[in-house]
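A short worksheet on the structure shown next.
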Amino acid sequence: MGIVAAIGVLLPFPFYWWLWTNPQSWVNLCGQGKDPSTVMARVSHVLKAAQLLSLFSVASLSWPPPLYFWPLMAFGQFLNFRVYQLLGEAGTYYGVRFGKNIPWVTEFPFGVIRDPQYVGSVMSLLACLSWVPFQYIFLWCLGYVFMMLVESKEDPSARAKPIS
């Protein structure tokens, strides 16, 4: 396993863990007038690009993809899109941890699929198994499982207080 590619795949998860467990530190670091969810989204997009570049560095692309690619990628991306559509940026990027009031959502896929964004992401990764060696997909999926466990233990008293 290429150590640089493995590190690239795992790169975002310590950041997400730190934000989830230390939301006040992030709010303070962002400072007054900066939306911590927006800043998190921007950093997350850079980290996502590093993850994708890491996967591409070990991938063997070929066309056409196997038949299982299409339903896994399509439904996985549908779930990701739907979660973002329902929660918006603040709901997707830890707004509740940063002291924002995020309404509880029960529309599909919530209430039907537990952790739908992570499930969608895992489905999209599994779709790429014919191109990317298993160990990298597995590492990335382990990162998502880790974050599902971290985020399942949400302590409301540990939420950040907005800077006034």
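Just so it is clear, glycine is given a Cβ too, placed from its N, Cα and C backbone atoms.
Predicted automatically and left uncurated, TrEMBL annotations should be read as such.
Tertiary neighbourhood of the transmembrane segment (46-63): same-chain residues 2, 4-9, 11-12, 15, 128, 130-133, 136, 140, selected by CB-CB distance under 8 Å and a gap of 6+ residues from either end. Marked as transmembrane segment by TrEMBL: 46-63 (among others).
Per TrEMBL, the feature S-adenosyl-L-methionine binding site maps to A74, F75, G76, E154, D155. Sequence-distant neighbours of F75 (S-adenosyl-L-methionine binding site) (same chain, 6+ residues apart, CB-CB distance under 8 A): G120, M123.
Here TrEMBL flags 124-150 (among others) as transmembrane segment. Among residues of the same chain six or more beyond the transmembrane segment (124-150), those with a C-beta under 8 A of the stretch's C-beta atoms are 1, 5-6, 9-10, 12-13, 16-17, 20-21, 51, 54-55, 58-62, 65-66, 68-70, 72-73, 76-77, 80, 115, 118.
Here the topological domain 'Cytoplasmic' (153-164) has long-range neighbours at 21, 23-24, 26-28, 31-32, 36, 96-100, meaning same-chain residues at least 6 beyond its ends whose C-beta is under 8 angstroms from one of its own. Here TrEMBL flags 153-164 as topological domain 'Cytoplasmic'.
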Can you tell me how many other Cβ atoms are located within 10 Å of the Cβ belonging to E154 (S-adenosyl-L-methionine binding site)?
11
